[in-house]
């Protein structure tokens, strides 16, 4: 039988929702136990949040000052040690998990399955390659620990509301390297919904034209309570910061409503939105590839259309 | 300082990938191959560090079949001093690639290894992290800015929350993100010059690495298609439709 260890992602003392999505993927493998591992300098509040995720058997905490920041070189030896006795180690396929999991796999001397989008059996998974233009079925060696990252857009967050899940402190006797040090994190300040978990996302592309013009996107997003994203072109041009990029090398998202405004729809961008419920495209070029996958398309000048949308909403 | 750069050849990023009807792979016959875009960025960064006087030598590494030579010549034309070609008929998985790199690291003793954060064929995003683990050295993944001074790298990383800066003692492994730099174009005279640059050929089997290809790919499928939707005539109709669907 399988036992799965899910690595909790957290920042600023709060559990990241990607953790509950990784728990969903773990549950799909029908294991006898799903334990969540919290590595932090102060794990209590995070562990309490993790304990509320339905389907979690136990929450394990490792509290060390070195765990104040998520440095893969520091966390990996602890995860590798904690992995003893588990058949699987799962982490969300966010920049946190992508950074950490392969380091864990290499310490264990095992392969990693990246971006799991479906669990077909305890050791059989589906994952995308070529920017999602092909889906492969891979079989992991049952004689080895399976290390996998979970493509969060493919999985709903496991329900919150569990009671009485035990929280246990682990004492791992592991020497940690000091050759990597955290300096700073520059975070965009935003009261808008989180791009990766939002049910509605409005994205702007090169067609928006400038940093100043992007205000029209923010304003409309705020009007409908949406998160704001962007194409690579808009990020490269400096209209918006990197954390807003949606696509193959940015964030892969699955909102119920995705509105692409002034985005032509390069393959790499479409990869990031394929799982969205309804895709709306607004572009002045009727031939733009975004219209090939959009559920609803509107051809025209975004600077005319977006104010009209707001007016129609008010009406 | 010597810099080792991973230089993988992949299906060109503009090619629309087709899955073979029998599900045994993707069509690669007659398809344009190019350097992995993230590896071009890795090489560019190494060349800039050499031009700044931080490094003296840039060595590119390719793992692949005999005909990889032409691809490595491109990297040499871009400016690498020499190339190492690890020959193997079969594509290797990230753990094997990392073990190969570790062998080369032990032999070459670089101060820095720069790899692309992922290859755009298997999209695994693993080799750099795995190498750093096996080597027991720092990793700075998804780099968008690199500064080298006083035996350490200060690296800005593109993370989900924003931009994170970390400090790593050298030697270290850096993996590149898109905005680290814009790779230079290869000039014709450099292609001529590259012909005389050395390529060491090493058979993978002779390196004595334990095989790490533990994943079996049993089936390839095309992704589910989104069907083409409908066009609406104006903003009012769009809002009405979205309201009707309960999305607004």
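Glycine residues also receive a Cβ, built from the backbone N, Cα and C atoms like all the rest.
Residues annotated as domain 'Electron transfer flavoprotein alpha/beta-subunit N-terminal' in TrEMBL: A:4-186. What TrEMBL records for A:206, A:231-232, A:245-249, A:262-269, A:283 is FAD binding site.
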Open item on the list: Under DSSP, is residue A:245 (FAD binding site) part of a helix or a strand, or is it coil?
Closed with: strand
Task: Most Cβ neighbours inside 10 Å, all chains, among the binding-site residues A:245, A:248 - done: A:245
Task: Among A:206, A:269, the most crowded of the binding-site residues [Cβ within 10 Å] - done: A:269
- [ ] Go through A:263, A:266, our binding-site residues, and report the one whose Cβ sees the most other Cβ atoms within 10 Å.
- [x] A:263
- [ ] State the mean pLDDT for the domain 'Electron transfer flavoprotein alpha/beta-subunit N-terminal' (A:4-186).
- [x] 97
TODO: In three-state terms from DSSP, label residue A:206 (FAD binding site) for me.
DONE: helix
- [ ] Could you say whether, by DSSP, residue A:269 (FAD binding site) belongs to a helix, a strand or a coil region?
- [x] helix
